[in-house]
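Peer 1: Sequence annotations record features per position, and here Swiss-Prot assigns substrate binding site to T60, D135, E196, K226, D230. Swiss-Prot lists 197-199, N231, 260-265, E283, N318, 339-341, N387 with the feature NAD(+) binding site.
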Amino acid sequence: MTTLTEVLDYKVADLSLAEWGRKEIDVAEKEMPGLMATRRKYAGQYPLKGARIAGSLHMTIQTAVLIETLVELGAEVRWASCNIFSTQDHAAAAIAKSGVPVFAWKGETLEEYWWCTRQILEFEGGKGPNLIVDDGGDATLMIILGYKIENNPELLEKAPANLEEKALYQQFREVFAEDSQRWHKVAAEMKGVSEETTTGVHRLYQMMEKGELLFPAINVNDSVTKSKFDNLYGCRESLADGIKRATDVMVAGKVVVVLGYGDVGKGSARSMRAYGARVIVTEIDPICALQAAMEGYEVSTMDEAVKEGNIFVTTTGNKDVITLEHMKQMKDEAIVCNIGHFDNEIQVEQLYAYAGATRLNIKPQVDKYTFENGNCIYLLAEGRLVNLGCATGHPSFVMSNSFTNQTLAQIELWTKDYAVGVYRLPKELDEEVARLHLEQLGVKLTRLSDEQAAYIGVPLDGPYKPEHYRY
């Protein structure tokens, strides 16, 4: 157990992987023009000088390029992954060897995961971060919930709702025993958080509505150059990559059930259809359901689709969308996976506890569950992100969009004073992120004349669309 006065340099799987990681980071930099342009733009200016940034985001090669961008802009950075399976160990090793404290390895336990999250919130001299780069909201949650517990220590005695909560509360007990005001001190120095993903944004808005949010937040997820690119085009490529690396299955001719038709669901459905699958979509939202139908997908309920599907993909950000009863009804050899942020989209804990199923591990992140009737299913990445648990996540180019937004959000929070609330980056920055990625694709923009700009009522150099425009 570490104490608040013992600040560790790093904890990774194997530091000898650093050279391999560095080679891949060098390759990724060429595919991440937005981040590299941001480095050039602010060279010598250090807009993040003095900032202590805690990062809770998948420790991949692409994230390594983000980390080193933040460091070049002047920040002191500590990093952990936001998922127990998503770390690329050679990326973590390279970052650790560069001198950035990183606490991440592929295959963490829940106890280790929350220990790692705690480490990124503990800087030298007993200080906490003043900025967070978050993905899913766990680092933010640790501060907010820790603050709440310090106001009402009886919360430490409540029975945990699940294994995740049990592991988290163990960290809270250790911190509280050392310093009963630790999280109040951390919160007091916080300038803000930039949140990467849909699930984390939902958490932020819920905290705001309840009056629990303690510092400003920028919703990076809903920047157009994030949600319409990372969520859509990234998933379109990385979902199939994860499924195929895990199972070697032929997708063509299969029935794939995609649960949810938001941006992630849209990308996932397109991916599976492109491989020749017949895709069934489930939806709660009539607008998204109509979109799916107009794209030619069958739209049904899970209770009906469960009997037809060969592959099931959850994309909703909600819990219990695939239940234990659903899994018991699936066809023999069905594949079950998730590309939403948390594993509770699938009732994984209920499956673990079910005496009528036997588990056989096929290989890392691929488990076969056989039920009493002889049918089996394959659960990928224990219900966590299949594209990162079973493959390497989204390609570098699309992550450059997202991470350029993250970098700009960190600069925005550090250099300006925001009131507590949830904000989005301005439209002109969204357009700038897109512009930084055009040259690499050989794109040539048409330019308005003065008369044309005046005619449609937009500035000559943008922004070209109103805030309410839906791309």
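Cβ from N, Cα, C; glycine included.
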Peer 1: Could you check which of the binding-site residues (D135, E196, K226) sits closest to G262 (NAD(+) binding site), going Cα to Cα?
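Peer 2: The answer is K226.
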Peer 1: Between I339 (NAD(+) binding site) and D135 (substrate binding site), find the distance joining the two CA atoms and give it rounded to the nearest Å.
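Peer 2: Taking the Cα atoms only, I339 (NAD(+) binding site) lies 14 Å from D135 (substrate binding site).
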Peer 1: Listed binding-site residues are T199, G260, E283, H341; which of them have CA atoms within 10 A of the CA of D230 (substrate binding site)?
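Peer 2: Correct set: empty; none qualify.
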Peer 1: Could you state the CA-to-CA distance between H341 (NAD(+) binding site) and K226 (substrate binding site) to the nearest Å?
Peer 2: 15
Peer 1: How many other Cβ atoms are found within 10 Å of the Cβ atom of E196 (substrate binding site), counting all protein chains shown?
Peer 2: 27
Peer 1: D135, D230, E283: which of these binding-site residues has the sparsest Cβ neighbourhood within 10 Å?
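Peer 2: Each of the binding-site residues D135, D230, E283 was scored; lowest Cβ tally within 10 Å is E283.
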Peer 1: Using Cβ atoms only, which residues of the same chain lie under 8 Å from G260 (NAD(+) binding site) while being at least 6 residues apart in sequence?
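Peer 2: Spatial neighbours, sequence-distant, of G260 (NAD(+) binding site): V281, T282, E283, C288, T314, T315, T316, G317, N318, V321, G340.
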Peer 1: Please find, for T60, D135, E196, K226, D230 as listed binding substrate, the greatest distance between any two Cα atoms, in Å.
Peer 2: 18
Peer 1: Can you tell me how far the Cα of T199 (NAD(+) binding site) sits from the Cα of T60 (substrate binding site), in Å?
Peer 2: 20
Peer 1: Want to know which binding-site residues, from T60, D135, K226, are within 10 Å of T197 (NAD(+) binding site) at Cα; which are they?
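Peer 2: So the list reads D135, K226.
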Peer 1: May I ask for the distance between K226 (substrate binding site) and V264 (NAD(+) binding site), taken between their Cα atoms and rounded to an integer number of Å?
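Peer 2: Rounded to a whole number, the Cα-Cα distance is 11 Å.
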Peer 1: Binding-site residues T60, D135, E196: which have a Cα within 10 Å of V264 (NAD(+) binding site)?
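Peer 2: Matched binding-site residues: none.
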Peer 1: Any same-chain residues 6+ apart from T60 (substrate binding site) with CB under 8 Å of its CB? Would you list them in sequence order, or say none?
Peer 2: S86, T87, Q88, A91, L388, T392, G393
Peer 1: Tell me, if you would, which residue among K226, H341 (binding-site residues) has the fewest other CB atoms within 10 Å in the structure shown?
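Peer 2: So among K226, H341, the binding-site residues given, the one with the fewest Cβ atoms within 10 Å is H341.
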Peer 1: Report, as a single number, how many Cβ atoms besides its own are within 10 Å of the Cβ of I339 (NAD(+) binding site).
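Peer 2: Within a 10 Å radius of the Cβ of I339 (NAD(+) binding site) lie 32 other Cβ atoms.
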Peer 1: Return one of helix, strand or coil for K226 (substrate binding site), based on DSSP.
Peer 2: helix
